[in-house]
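Feature annotation from Swiss-Prot assigns substrate binding site to Arg96, Glu162, Phe209, Thr210, Gln211, Ala212, Glu213, Glu446, Pro447, Ser448, Tyr449, Gly450; the stated evidence is sequence analysis. Annotation source Swiss-Prot lists ATP binding site at 194-196, 204-209, 327-328, 450-453.
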Amino acid sequence: MDKYDKIIDLTKRRGFLWNSFEIYGGIAGFFDYGPLGAILKNNVINTWRKHYIVNEGFYEIDSPTVTPYEVLKASGHVENFTDPLVECKECLESFRADHIIEENVDVDTEGKTLQELQEMIEKNNIKCPKCGGEFKEVSTFNLMFATSIGPGGKRAAFMRPETAQGIFIQFKRISQFFRNKLPFGAVQIGKAYRNEISPRQGVIRLREFTQAEGEFFIDSRKKENFEKFESVKDMVLPLLPGKNQENESLSAEEKIVRMSLSDAVKNGVIAHEAIAYYVAVTKKFLMEIGIDESKLRFRQHLPNEMAHYAADCWDAELYTDRYGWIECVGIADRTNYDLLAHMKNSSEDLSVFVELDEDKEVEVYEIELNYKLVGRTFKGDAKILEESLKELNDKKMEELVEALETEGKYVLKTCKRDFEILKEYLTAKKVKKIVKGEKIIPHVIEPSYGIDRITYCVMEHAFKEEEDRTVMGFSNAVSPIKVGVFPLVNKEGMPEIAMDLKNKLRENGLIAEYDDSGAIGRRYMRMDEVGTPFCVTIDGETLTDRSVTIRERDSREQFRIPINEVVSYIKDKL
């Protein structure tokens, strides 16, 4: 058994991870979290919340997982959320083209085109691993789960491929919540869906998974000199820049550079201070949940692998024994791609007014409505038209004026109705005005975390085999059970004292587990195997001097303290 198999065996036995739908044979790409796994995962999530909501001042929203077709059409996912697919001509089994190549040839397929993948398959004579048959040509496969809303399937929809779109759709409401004062951030934690072609990497590649995503909205002019960057500028990180990845003369070790974030920004390795800051936040979070620092690196996306919405992107990659380096976090500069896309397709104004450092003179369009004609044409909706015209940005106003001049009419789409505006309905003229601010479309820095992959890596990095025990060395922040409480023997009132202490620990917010079965050494081993950092034993001395033995997991050190100090001692240590 390799390390992965040992961990999966332990997690199944001890209630961390189970195959979903197991009694029906299971389905690849789905896992259940058992009792301890659910606590572990939630502890990872709550630590993430602490970093982003408490420390960074983001606020959390919760939106539906079912998403209408038009939303994901506008976001670009309908066209771009794809993976390369190959299908066997003989048995018709499907595989991811890039994965099947990497399993047969020592080559990196990241960012390769369909044509390049096809050439690799042909050059290396790669066959179907199931039956040995030849493959059809490489094609694209959209990874979204399709569904419909309501009876009859008339309203097409998808299960969301990311949580981010829920934030972008509600941008106007979120901006109002923050009183339209940039910068501000919103987060969402929840399920996302990816109809993987052939998920054969256990818990690493799931079809239903949990994301924790933050969207930080900022004036694009503020990304270069980001106020918070000063606090992290000296942090040194292992970086794998795009130019080093493409330099074939460098060894794998030479491609990694350790440098401060300040130097990374100054030398153009990281695009700007804003994205560098959230790289630092990611490092802090991963260290707190127990990731092995020697198994962490930040890799820059190459231009040909960049997501359709991204200007720059850095992945936090974690090393695993079986699968090597895996992407667990993406920190992307999404620019204003999403807000612009949704503005265009919804006709809603998603801009924010920002004050200028000094007043400036600008030319703007001033509209005078022919109220008599507009009122006769649109009746009760005339007021809606008037307000909608006031909200048009400069670009939309230019479109309207040009259309009226060239075509004599313009269709204005609003959330209430569409208005066909004729030239005689209004007069538009340019006037000079002194303005104290302007409308902008904010840019977005997005830290996106794959919680399931991170949770698995927490388990693998914590897993240790010693001569006489197996230990899950979880950090205090994420360990599912905080304290094991044992009576040395099941008599003389020891079980009652132990049970009372367990209850007091739980009353103080600590998950404590009572165990009176077997030798004390066996009980310690059971707690070590699930990562419990402290064990407390009630023994004969407890009956005389009210002291107990505390045993620490990692050092195995044992010492005595008064029983009435146990709760405060453990809370301080955690």
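Positions of Cβ are set from backbone N, Cα and C atoms, glycine also.
Sequence features annotated in Swiss-Prot and their locations in the structure.
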| residue | record | Cβ neighbours (10 Å) |
| --- | --- | --- |
| Arg96 | substrate binding site | 23 |
| Arg194 | ATP binding site | 20 |
| Glu196 | ATP binding site | 18 |
| Arg205 | ATP binding site | 21 |
| Arg207 | ATP binding site | 17 |
| Cys328 | ATP binding site | 25 |
| Pro447 | substrate binding site | 29 |
| Tyr449 | substrate binding site | 26 |
| Ile451 | ATP binding site | 19 |
| Arg453 | ATP binding site | 23 |
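A straight line from the CA of Cys328 (ATP binding site) to the CA of Tyr449 (substrate binding site) spans 6 Å.
Residue pairs drawn from Arg96, Glu162, Phe209, Thr210, Gln211, Ala212, Glu213, Glu446, Pro447, Ser448, Tyr449, Gly450, the listed substrate binders, are separated by up to 27 Å at the Cα level. Taking Cα separation as the measure, Gln211 (substrate binding site) is nearest to Ile451 of the binding-site residues Arg194, Glu196, Arg205, Ile451, Arg453.
A C-beta separation below 8 Å, combined with a sequence spacing of at least six in one chain, links Phe209 (substrate binding site) to Lys191, Ala192, Tyr193, Arg194, Gly450, Ile451, Asp452, Arg453. For the pair formed by Tyr449 (substrate binding site) and Arg205 (ATP binding site), distance between Cα atoms is given as 14 Å, rounded to the nearest Å. Listed in sequence order, Glu162, Thr163, Ala164, Ile167, Val187, Gln188, Ile189, Glu446, Pro447, Ser448, Tyr449 are the same-chain residues at least 6 apart in sequence whose CB falls under 8 Å from the CB of Glu213 (substrate binding site). Cα of Arg96 (substrate binding site) to Cα of Arg207 (ATP binding site): a distance of 14 Å.
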